[in-house]
Amino acid sequence: MKQLEELLSTSFDIQFNDLTLLETAFTHTSYANEHRLLNVSHNERLEFLGDAVLQLIISEYLFAKYPKKTEGDMSKLRSMIVREESLAGFSRFCSFDAYIKLGKGEEKSGGRRRDTILGDLFEAFLGALLLDKGIDAVRRFLKQVMIPQVEKGNFERVKDYKTCLQEFLQTKGDVVIDYQVISEKGPAHAKQFEVSIVVNGAVLSKGLGKSKKLAEQDAAKNALAQLSEV
């Protein structure tokens, strides 16, 4: 924790008052489950809070930055900014991946590299920062870490995976693409959806995500990866 505190202080000028919040933000459920007798808290509730404040701040930013963009355009751009893959990238940029506490099994299976875990970690950190320092501190942090990438136009140049898949398949002829929810698991604040892509009646790929939209994007990403190998 001491090294993490030093990182936050030197790189982002952030000093937590309540270090318990910071420690909880960097504790994965797998670690908490392995230390159940010690009553260790995990970061899912902070992730829920961080997701909400991230959506709000990015929405405010896009609304002010792009007065001529439509609601649909802003929604699409926001979804690219806050998607799991993007948030995992920001976690790595901040070196957060080096400090998350994982259970032994999750560590061995490569959890420290997994986008799902790192994206959730980034949101949990935002939730902890909100509770400890307030929303203006979260705004300052995002302005330092995320906003420069938005202003470079990095996210506007990225097509979503569903669009890319549709364009690819349409080059092969007429196709009917259907996204179907296979399962929905977990509590309301930590849902896990599984979605399959059915093309002309045959299952092409499957994907996972915290929402139906994210699961669809993951399934489309997996489909594109499969098709590139053919």
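Here the Cβ of each residue, glycine as well, is placed from N, Cα and C on the backbone.
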Seminar exercise, completed: Of GLU44, GLU47, GLU184, GLU194, the one that Swiss-Prot places in the same Mg(2+) site as ASP120, GLU123 is GLU47
Exercise. Going along the chain, which residues six or more apart from ASP51 (active site) have their CB under 8 A from its CB?
Worked result: VAL82, GLU123, GLY127
Seminar exercise, completed: Neighbouring CB atoms within 10 angstroms of the CB of GLU123 (Mg(2+) binding site), all protein chains considered, total 27
Exercise. Residues near the Mg(2+) site, GLU47, ASP120, GLU123 excluded, by Cβ within 8 Å of the Cβ center?
Worked result: ASN43, GLU44, LEU46, PHE48, GLY50, ASP51, LEU87, GLY119, LEU121, PHE122, ALA124, GLY127
